[in-house]
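Chemist: Okay, here's the structure, questions in a sec.
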Amino acid sequence: MSQNLQETSQAYPRHRPGSHAGPKSLKVTPRATMYTFLPDNFSPAKPKPTKELRPLLCSAVLGLLLVLAAVVAWCYYSASLRKAERLRAELLDLNRGGFSIRNQKGEQVFRLAFRSGALDLDSCSRDGALLGCSRAADGRPLHFFIQTVRPKDTVMCYRVRWEEAVPGRAVEHAMFLGDAAAHWYGGAEMRTQHWPIRLDGQQEPQPFVTSDVYSSDAAFGGILERYWLSSRAAAIKVNDSVPFHLGWNSTERSMRLQARYHDTSYKPPAGRTAAPELSYRVCVGSDVTSIHKYMVRRYFNKPSRVPASEAFRDPIWSTWALHGRAVDQNKVLQFAQQIRQHRFNSSHLEIDDMYTPAYGDFNFDEGKFPNASDMFRRLRDAGFRVTLWVHPFVNYNSSSFGEGVERELFVREPTGRLPALVRWWNGIGAVLDFTHPEAREWFQGHLRRLRLRYNVTSFKFDAGEVSYLPRDFSTYRPLSDPSVWSRRYTEMAEPFFSLAEVRVGYQSQNISCFFRLVDRDSVWGYDLGLRSLIPAVLTVSMLGYPFILPDMIGGNAVPERTAGRQDGPGPERELYVRWLEVAAFMPAMQFSIPPWQYDAEVVAIAHKFAALRASLVAPLLLELAGEITDTGDPIVRPLWWIAPGDETAHRIDSQFLIGDTLLVAPVLEPGKQERDVYLPAGKWRSYKGELFDKTPVLLTDYPVDLDEVAYFTWAS
């Protein structure tokens, strides 16, 4: 185009790189056409909105922002609602008031409610496998977390902890036992013992510590662990650090798990406030047997040794139910003579309460035992090993009391200045402080001297329950958990393990001696009677104690608690025989009331089952005992051990297994010479030679004579 064309419209000049374009450099060409050359970087100017359009545009933008805000708010609100209703961690569903756990099939197997407050789920956050919350629904601060742990493919575990930030509060969670098809086991030896657990009435949470069940109907027994197991393959273990209290409510079928430091013998660890924590681990597996095996291997110690073989093979003979405190030298020698005259073997002969001048002495009462050394020599010549009864008390009239006070060997009152005196079943005295190294050495030193002087084989360690300590006390080493005192007492038996027996157990599974059930009454029922024997043995077995002594055949024969005989003192004849038959299949059996106090038939029945024990039962017991140091599996097992999915097996409390191959079904009711017997799946051969291979099967009214126990061996 010609450069002299006239420009009638404004054109934008082209700036050359490096040039400075000012107003004077602008050149306008004359207009010659309707086209104009535009610069390379030209962009048309945006027309400015008129003043009338601006309010409309602002309104539109504002409306759009409001719509977006509403959408975002609704999404946030919906998410918040979903969050407030439930949080999930693998198979666990957490809500404000508790949580539930499902198994791999989606079935609910565990449910728990928070009873000391609800969670504010808006305060919860997740960090990997850890889900933590910092606030309760009422706004108070707390520390709560659930951590998911998968220790193996078939097991899922959840670590749960609720800790109050302020001292003085109690933390309580309610664990529901579920519907009638769910069954729970474990916990503690009880006065009225059922298998599975049966809740009765309502019980406010009380300290879960070792106790003498004779002191209270609702007391927990001398052997207990913070462990429960469900037939639906769920298990719970409460942590050792918890100031643990347990109650129950039978109406809602719940167990009340509580942690508190007020109105209790629990004390916070040194340097910590009295703000309690409730912490535990819940694990879910594929079946009840496998999850129990996992929990035992994870949380319980195992015995490192096995007691003497004669304790599994031959009966123990005790002076207690026969002679009580009236025992003396002549009675001991006569008892030993009668045992041999009636051709019975013996694991050992036990001289029980009371052979000393006072409780707390460690020498024989010369009035009752004028020549104890000669008595021991004669017993030894007759082939008897001898054990002695001992306990942790030193009565105020004992020759040892002054020494114990001077050397500060006793549990003391809270200020620590004076020994704490307690009342026990044999008077008033002090209690040895087994947290004190000097007290431990003093006690064991006396036992060693007794063993050396008289060739005593071992000892029966009686008592040891926390219920015999004052509620407020102090020890050489402070105890935040009072049951640790019981554990320290059981440790006194370890040097004498081969034939020793103790009656308390708390975290004591590594003590390689027999754990004795609390004394039984000479009655038929579940209240410390014959029917309670199998449930108690199964419970203690599930708590990790395989070497169990079910106390004396026929019970203690205390007159006011005895189903009496018409022809003399002691338990009635039928009860005695049925008790003897059960005991013959237990890890240990113990006589005190002897069979010859009845008649020749009872003596013959006793001989029959002593021989059966030696030939059939004892070899199996010893084989299983040898495996325990590796596996931790119980010797006496419930039927569901080999049939974990069998709902009938879950609730049977009158049969048991020895290992996996010997099933025992004794008669436990008066006047019966038949019983129903349940055989789980498999091939079973009866003691009569019958083969049962169409199983599982219920044998109704299976005949069992007075001199028989129905037992079956695995034939597959």
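Backbone N, Cα and C atoms are what each Cβ position is placed from, and that goes for glycine too.
Look at Swiss-Prot and you will find Asp462, Glu465 tagged as active site, backed by similarity to another entry. Marked as active site, proton donor by Swiss-Prot on the basis of similarity to another entry: Asp527. Look at Swiss-Prot and you will find Asn239, Asn249, Asn455 tagged as N-linked glycosylation site. The region 'Disordered' annotation in Swiss-Prot covers 1-26. Among the features that Swiss-Prot reports, topological domain 'Cytoplasmic' is placed at 1-55, with the record citing sequence analysis. Taken from Swiss-Prot, the feature topological domain 'Extracellular' covers 77-716, and the record attributes it to sequence analysis. Per Swiss-Prot, transmembrane segment is recorded for 56-76, and the stated evidence type is sequence analysis.
In the displayed structure, how are the listed features positioned relative to their neighbours?
Modeler: Reduced to three states, the DSSP call for Asp462 (active site) is coil.
When other Cβ atoms within 10 Å of the Cβ of Glu465 (active site) are tallied across all protein chains shown, the result is 27.
Here Asp527 (active site, proton donor) comes close to Arg191, Thr192, Asp521: these same-chain residues lie at least six apart in sequence, with C-beta atoms under 8 angstroms from its C-beta.
Reduced to three states, the DSSP call for Asn239 (N-linked glycosylation site) is coil.
For Asn249 (N-linked glycosylation site), the same-chain residues lying six or more positions away in sequence with a CB closer than 8 A to its CB are Ala174, Leu199, Gln202, Arg256.
Summarising the environment of Asn455 (N-linked glycosylation site), the number of other Cβ atoms within 10 Å of its Cβ, over all protein chains shown, is 14. Secondary structure at Asn455 (N-linked glycosylation site), as computed by DSSP, is coil.
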Chemist: Work through the recorded positions one by one (Asn455, Asp462, Glu465) and name whichever has its CA nearest to the CA of Asn239 (N-linked glycosylation site).
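Modeler: That would be Glu465, the closest of Asn455, Asp462, Glu465 to Asn239 (N-linked glycosylation site).
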Chemist: I'd like to know which of these recorded positions, Asn239, Asp462, is least surrounded, judged by other CB atoms within 10 A.
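Modeler: Least crowded of the recorded positions Asn239, Asp462, by Cβ count within 10 Å, is Asn239.
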Chemist: For Asn249 (N-linked glycosylation site), which DSSP three-state class applies?
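Modeler: DSSP assigns Asn249 (N-linked glycosylation site) to strand.
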Chemist: Tell me the coarse DSSP state (helix, strand, coil) of Asp527 (active site, proton donor).
Modeler: strand
Chemist: Determine the mean pLDDT over the topological domain 'Cytoplasmic' (1-55), rounding to the nearest whole number.
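Modeler: Summarising the topological domain 'Cytoplasmic' (1-55) by its mean pLDDT gives 43.
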Chemist: Any idea what the Cα distance is from Glu465 (active site) over to Asn455 (N-linked glycosylation site), rounded to a whole Å?
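Modeler: Answer for this pair: 29 Å between alpha carbons.
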Chemist: Could you state the CA-to-CA distance between Asn455 (N-linked glycosylation site) and Asp462 (active site) to the nearest Å?
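Modeler: Between the Cα atoms of Asn455 (N-linked glycosylation site) and Asp462 (active site), the distance comes to 20 Å.
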